[in-house]
Amino acid sequence: MVKMRQFDGFKLRISRYFDLQTSVVVALLLFACLILSSVIPPLKSPDEHDHIERAYLLGKGVFLLDQPEGKSSGGDIDSGLLEWQNRYLPSQDKLSAEMISSAKQIKWTGERIYNPSPGTGYYFPVIYLPQAAGLLIGELVGLTVENSYKLSRMLALVSIALLIYSAFRIYPVNPLVLAFIAMPMTLFQMSGAGLDGVSSAVAVFTVAAFMRISRDREMVSRWVQYAFSIAIAVLASSRAQTLPLLLLLVPTLFYKRDKKTLLVVVIPLISVIAWTLIALKTTVDLRVPIGESTVNVVSYYLLHPFQFFSILWNTLSNDNYLTFYYRSFLGILGWLDAPFERRYYTYFTVMILTVAVLSVSFNGVKKELFGRFLLVVVAMISVLFVYFALLVTWTPHPAEVISGVQGRYFLIPAIMLAYGIGGDYRLFFGLRGKLASLLVLCILLSSLTASVRLLLERYYLTLFEILPQEVVEYSDDDAQLLSEVLAGPALSESSSITIRMPLLDNQGFGRIRRIGVLFGTHMRENPGDAEIFFFTKSGESYRQKFRLSDLNDNAYKYFSVPPDYYVSGEVRYLTGGGISAWELHYPESQVITCLKLISVCNQSLIINGCP
């Protein structure tokens, strides 16, 4: 009898920290991320180069970036890390075995060179602790740079799993929250070494702790309060769009009225405000010529709020922007250069919306009503902050539309909304819960299989049939002798480059998988970035960011694109200009950009008259 009681007591103690269902859910997420991590090449998430540099600097004890005169904020980075990063550039096409092998041999040198990474200057660096630990340990024990990176990626993933497990133990997860975590974009970010994965996990933990406080109120454990305070301070100081989450601190004052609770509220408020002011004052970002300091731009829109809403309306009225937000929320992998086929977005949308309907719950709503309502309100305010943050830090002033917004920035508001409408509606609870949980599993498996296939095609495999290469010449016989090759208008902040493609309806040319554009740099190296868009016959668009410094003068720059029938394109200014595209000018004002097109059937189309 005594042994039975001891065993029951042991089980009770274990159950406080270990839950089988939660463990299985987190294990499935971890398994999916491990598979993706084995497929995703290094540094293939947007701005991951900068995030790795910021983590490296944190490992060296650097909290504030340097601000050399005339340069963007940054720090002194190991030359071996910089050399390794240059092997994995954003505009990279397929990875060759030789390139991968040579990158794996690069070691830490101990020699440090200044390199700018201004976009990370606004983030409180503690959020990079897992990545910083991986890089520092790797350097200290003599690992190569790539193995150190892999260690940092693994430590980040372990941290994410522990945060999510803790969140689900603090407050039961509902199916809609899991559906957002199981999306391709979320899994992709959690599988890398960037900022998004860890910050999303901290957000899940923060909201779960808030819901636990809203439910238990005066009975809530002190450690939940302390953990909530630390999490919200780290999150709000590392992601500007999460500043509205500070409003979640207010109700805790009324649930437990004592000095310790007051400190739980006041300390994160003061620390976040202090860090935000310091970051705004000390970060210099010359990548985008905004025209004013960030502080001045913030002041302008605070004094003219209707101007902000007017610009926001212009942005949201653009169908291309809305389509991009929608797809990049669900998943455009890589450096936004690996979209899924259109049907996948439909599948994921239908499944997530169905889970949302099945997850609506009024369980415990009387006790949690204010907390859940506040989450929905804060989620909507956070969406506005996404646009405001990009308006004041990434959009030239004065602005007509807001630049730089991506769908993945709306994940944290979506998680808050999911907790707000679903509460603690448990997995497998009743028929609705079972159906919703089954759909979440379908989302996870679909995300994993579709992402692995897409990443293999994007970075490792060719997409055409094994056929001898066939060269197709495009020409206008009557006008060819009178045509001439001229440099088109130079790219600038006020002038984009139009890509004029030939009409291929009668050429028997298949779907295009690769497009080469003949650029001219005018015998100089042009700094900064640009973005190229290609438009299909059906109205779809594909975009890819590239560095102007990667271009060679009077040489073709190739872009891998999803197989489709492309009819036009455009190069848009981001942070640099000065380049041109060479064009073939025919009589009667007909103009075609000098291109080389490669189809899925290994046909190569060249334009007669172009170099």
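Each residue, glycine too, has its Cβ placed from N, Cα and C.
TrEMBL entries are annotated by machine, without manual review.
Sequence-distant contacts of the transmembrane segment (20-40) (same chain, at least 6 residues past either end, Cβ-Cβ under 8 Å): 153-154, 157, 160-161, 164-165, 168-169, 173, 178, 181-182, 187-188, 190-192, 427-428, 441, 444, 447-448, 451-452, 455-456. Residues or ranges marked as transmembrane segment in TrEMBL: 20-40 (among others).
Annotation source TrEMBL lists transmembrane segment at 122-142 (among others). Counting residues 6+ beyond its ends, the transmembrane segment (122-142) has Cβ neighbours under 8 Å at 51-52, 54-59, 62-63, 78, 81, 108, 148-156, 158-159, 193, 195, 198-199, 202, 234-235, 237-240, 275, 279-280, 283, 393 in the same chain.
TrEMBL lists 154-171 (among others) with the feature transmembrane segment.
Residues or ranges marked as transmembrane segment by TrEMBL: 191-211 (among others).
If you look up TrEMBL, you'll see 223-241 (among others) marked as transmembrane segment. Under 8 Å from some Cβ of the transmembrane segment (223-241) lie the Cβ atoms of residues 122-124, 126-127, 166, 170, 195, 199, 202-203, 205-206, 209-210, 212-213, 216, 248-249, 252, 256, 260-261, 264-265, 267-268, 271-272, 275-276, 382, 385-386, 389, 393, 409, 412-413, all in the same chain and six or more residues away from its ends.
The transmembrane segment feature in TrEMBL is assigned to 261-280 (among others).
According to TrEMBL, the feature transmembrane segment maps to 300-316 (among others). Long-range Cβ contacts of the transmembrane segment (300-316) within its own chain (Cβ-Cβ under 8 Å, at least 6 residues beyond either end) map to 292, 322, 384, 387-388, 391-392, 397, 399-402, 405.
Sequence-distant contacts of the transmembrane segment (344-362) (same chain, at least 6 residues past either end, Cβ-Cβ under 8 Å): 174-176, 179-180, 183-184, 326-327, 330-331, 418, 421-425, 432-433, 435-436, 439-440, 442-443, 446-447, 450. The transmembrane segment annotation in TrEMBL covers 344-362 (among others).
For 369-390 (among others), the entry in TrEMBL reads transmembrane segment. If one looks beyond the transmembrane segment (369-390) by at least 6 residues along the same chain, the residues whose Cβ comes under 8 Å of a Cβ in the stretch are 207, 210-211, 213-215, 240-245, 247-248, 251, 301, 308, 312, 315, 402-405, 409-410, 412-414, 416-417, 419-421, 423.
What TrEMBL records for 410-428 (among others) is transmembrane segment.
Taken from TrEMBL, the feature transmembrane segment applies to 435-456 (among others).
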